[in-house]
Every structure is written in C-alpha cells, then in structure tokens.
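For reference, the structure is listed below as structure tokens.
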Amino acid sequence: MTAKTLIVLIGPTGVGKTELSLRIAEYFKTSIISSDSRQLYAELKIGTAAPTPEQLKRVPHYFVGTLQLTDYYSAAQYETEVMSVLEQLFQQHHVVLLTGGSMMYVDAICKGIDDIPTVDAETRELLLHKYDTEGLDNLCAELKLLDPEYYKIVDLKNPKRVIHALEICYMTGKTYTSFRTQQKKERPFHILKIGLTRDRAELYDRINRRVDQMMDEGLLEEARSVYAHRELNSLNTVGYKEIFKYLDGEWDLDFAIEKIKQNSRIYSRKQMTWFKRDEEIRWFHPEQEKEILSYLQASIK
C-alpha cells in the first residue's frame, strides 16, 4: 500500500503556485488545501488572487472563502481543522496537495502549533477594548513588562500577535513564552515540500503585472465594499490597506497602486527568507513541471 503523502507547494506571492498546483492535483487526481490565511475570507477574492470559479471546478479546494471578515480565526484553529480534513481525504486519496504562501499556516500543518490555552471571550473583549482606547504602543509596553522574552521577538507592529500574547498572560498568569515549546509534532503522513522560485527581476515583473491585473479586475471596488471593516486584522493586508489610504484621501490612486506593488515585493522577500531556512524544501522553477512531477513520483513510490 502506498504511504499517505502530503505534497506542500510553496513559494513567494506571484511566483506561479496556482496554475501548477492545479496541474499537480489533476495529475494525482486529488484535492487542494489552501494555506493562504486571506483566501479564507469570502469577501476577499481579487486582492488575494483566490482561485476563480473555473479553477474551483477543475479541482476541489478546501479553506477558500469559508469565513466572513468578522470571524475570529487563528493558526491553531487552522491546524485542527486541516488535520481533520486530511484524515477524511486520505481515506479517498493517497496524495493530497497543500499550497499557499502563509508561512505560519504551512508550519502549522508541517510542524504543528504549540498547545496554547483557548482565550475566553471576556479576556479577548477586554484587550480589544484596551487596543481601541489606548493604542498598540501601550499594549507593547505592557507586553514588555509581562513577557520581556516574547517582546524581543514578536512583530510589534502586528496587533493580533501582541494582543494574543497579552491574552495568555492575563488569563493564565504565566508568560506566553512558557507555552511556546516549538516541538515538532509527528504526523501520520509523509510530507514532501516543493518550493517555487524565480529570478528576482522576473518575479518582481510578475508581481507588478499581477497588481495591474487586479486593478483591472476590480480591486478598487472590492476594497471599497469592505472599507467599513478596515480596522480588522484580516484587512491589514497588502492590496487593501493601500487602497484604504486612497479612500481616506491620504494618497492618490496611482501612488496607492505603486505602494501595493512595492509592498508585495517586500512581502515576497520576507516569504523567501522564511522558506530558505527550511532545508526540507526542494526548489524548482515553476516551468519545470516535468521535473517536479518526476521528483514527486519517485519520492512517493
């Protein structure tokens, strides 16, 4: 019997994961699990380059358009739900494909998330109220006092991370750091990681053209439709936050579009830095489809 294998197809934004993922899934007659933390939201289609209705017809997808913007969701929830879906899918397929560029979500499945206590609604509301009334800087100062170790490594510009760490400190009386064991979990399937990469100039050109295409497809209208929710963490996202600056009257539209391109390029560099630390990834150019399929076939057998 062939071992269960999860193919993990990763790479920076704009590299060309979508079409190749469809072709790999069709080749193995299997389903795709998205590991894009923004494609989860039904309202965010254009700005997240979510699979089109035609692409969704070609291959069954999971974790695309399943949430509303106001839904709270975490990488820990994602891990639990994906593991449950994988258990079902592996009863029908010996190979399943996971693809996307959200580094934390990929790691949640490949390595696992630490068992951190579930935050109660009262604590969550308290800290969200503090964030709204006192601002992020005050919360960062509080985190420095309660968990100086995590304060040194957390992205202090990311309110969701800062708030979550404080929630755990408030609720348990312990540091958030004390729950972060970062021990890799054993998985009941084999994991094969394929990384896609391009020459930087080639990737940047693709990113720039993709942003232009998103604008042609109606990104401005999509951003306008969710503008009322602009304070949500789910919309602190490249492509939306820049358009909001235009809608606020701070930037003109051409400048906002250039900032989307620039911030997308910066994000692609961050993704590559994260992925390059993983020695399990086998790297290919997206056009090396034949080589990728040969490698997968040999590795799965």
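Positions of Cβ are set from backbone N, Cα and C atoms, glycine also.
Of the candidate ranges 36-39, 180-183, 184-187, 268-271, Swiss-Prot annotates residues 36-39 with the feature region 'Interaction with substrate tRNA'. The substrate site, placed at the center of the C-beta atoms of T13, G14, V15, G16, K17, T18, has further neighbours from the same chain whose C-beta lies within 8 angstroms: G11, P12, A49, G101, L196, R206, P286.
Same-chain neighbours of the ATP site beyond G11, P12, T13, G14, V15, G16, K17, T18, judged by a C-beta within 8 angstroms of the site's C-beta center, are, in sequence order, G101, L196, R206, P286.
Sequence-remote contacts of a segment are chain residues at least 6 beyond its ends whose Cβ falls under 8 Å from one of its Cβ atoms, and for the region 'Interaction with substrate tRNA' (36-39) they are 47-51, 63-65, 73, 75, 78, 100-102, 104-105, 234, 237. DSSP labels the residues of the region 'Interaction with substrate tRNA' (36-39) in these numbers: 0 helix, 0 strand, 4 coil.
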